[in-house]
């Protein structure tokens, strides 16, 4: 195989009480990436979208991952990649993780699957570091593996795939800017022990709920007493969205990643659609442009897709 | 039924990273309690051990629970109880919880099982409040239900029985005094967010490990970066016990409750016995009297036992 086309899914990280450790993959939105193996150590990037992301490999999230993959593979090959980004940068839906994880998996496919999952995550984290300044894996891991994943520890790497409950996910992306770096900076370095205890009770309940597919326990455990109260002030309409969606029957939800997107989990598509209607109504009234997705949890992660090959000849 | 005899098991609370939320029940040690229903609203307590615990119901852990049960039942009945305590008070093995939970379950049996599990836990917490000044349920819940239990929340009460993995438990009780109140006071009110994140990664891993019976994941997750570093300084020999037991093949462990007992989980009885030998050797060398138990996880909780009836006639 010397060329491959993949879908790389959007993801929800910082899953409510699971700040920095829990994430899930979405079936929508996703990026498309097309890779071709080159016989010289170089990275060529084409964008097939309107986000004007850098094509200099040193400045591009997928580019730095591909460069690292070349080095890891011995330095005698290269990659040409065309990226069609559908996950908006800055949405809080793992746009940079999709590029980074997609690049790691794409390179691995063209190199005969020589990297382990841990190595793929390590490679992709180089892209996340470029994007946000921090090596975090809670978008990358569900992006690569699908489902709901736990990052128990980054040093040493310890990834635990948890489950893929049959839940519907509604996401609203209000078109405001929340920079990941700002969202990190606003957090307090210390938290009250009594709040931390509440949080770890909720995490434990959420993990048990996901593993048992116990919707009521999932719903009771979807509570974040530490991060959300601080970060939600950066997102106009957050409290209203959360309260009305809960009242409409959503199991619960919160900030996706570091925002501004908000996600809600629901048991049925009908509720997920009602939740979408509520989100649209609130942001229309407030006067903020927005996108809404009604989707399900993706259980495959980055995957090869067929279809017309559109890569520009180099 | 107007009389009943029960076994009430010792428990390990504050299960490593699960401070205040996770506990497990032991098959050894346990208390024996014999109850008789009386037709007047009074509580009569007899002790059949050498701990000289108060027999004034207002000052006795089982006594205050029985008084509350009488009130809850309408006030027209009473209880006589004989307590044979085998779980040493102050050991960190849930001695007061065994009295409190045993009293709640014993009363319930004589009252025709009128209380729900939540109500039993609520009743028993009245005894814990007398013993330690704090209404906590992480000893009581496994004591009543058996196995490993999660207290996701106390207000409102949310109890999640998790699992009963086939593990061996070795416990050493060094004969030094660590008062629960002191052990609470030594804790800092605030913790670093980065430590809290590590802790909730470990809790999530531990819950997943218990539910899947994944011994390697349990072992990796048995790490407490918040409470143990502070409290372990109250227990001479702690670091040495922990390190040597891990080296001998134990999955891991830590302080039982608020100490001074230390527990270790092992996959096999042979390892659990080796661990017992290590514990004995260390405390013999340091020169601290100690008891060691090699046991398994109790999956039944408080249970009715047959056998000779020894209650003093009132």
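Including glycine, each Cβ sits where the backbone N, Cα and C put it.
Unlike curated records, TrEMBL annotations are generated automatically.
Bear in mind that the values here come from a model prediction, so they are computed numbers and not experimental data.
Copied over from TrEMBL, here are the features:
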DOMAIN    B:65-147  domain 'GHMP kinase N-terminal'
BINDING   B:88, B:89, B:90, B:91, B:92, B:93, B:94, B:95, B:96, B:97, B:98  ATP binding site
DOMAIN    B:209-283  domain 'GHMP kinase C-terminal'
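Less than 8 angstroms from the CB of residue B:88 (ATP binding site) sit B:29, B:51, B:95, B:173, B:291, each of them six or more residues away in the same chain. DSSP classifies residue B:90 (ATP binding site) as coil under the three-state reduction. All protein chains considered, the CB of residue B:90 (ATP binding site) has 21 other CB atoms within 10 Å.
Same-chain neighbours of the ATP site beyond B:88, B:89, B:90, B:91, B:92, B:93, B:94, B:95, B:96, B:97, B:98, judged by a C-beta within 8 angstroms of the site's C-beta center, are, in sequence order, B:10, B:87, B:257. When the binding-site residues B:92, B:94 are scored by other C-beta atoms within 10 Å, B:94 scores highest.
Counting residue by residue with DSSP, the domain 'GHMP kinase C-terminal' (B:209-283) contains 43 helix, 9 strand, 23 coil. A helical conformation is recorded for residue B:96 (ATP binding site) in the three-state DSSP classification. Taking the Cβ of residue B:96 (ATP binding site) as reference, residues of its chain lying under 8 Å away and at least six apart in sequence are, in sequence order, B:61, B:89, B:127, B:128, B:130, B:131, B:132, B:139. Other Cβ atoms within 10 Å of the Cβ of residue B:98 (ATP binding site), summed over all protein chains shown, number 33.
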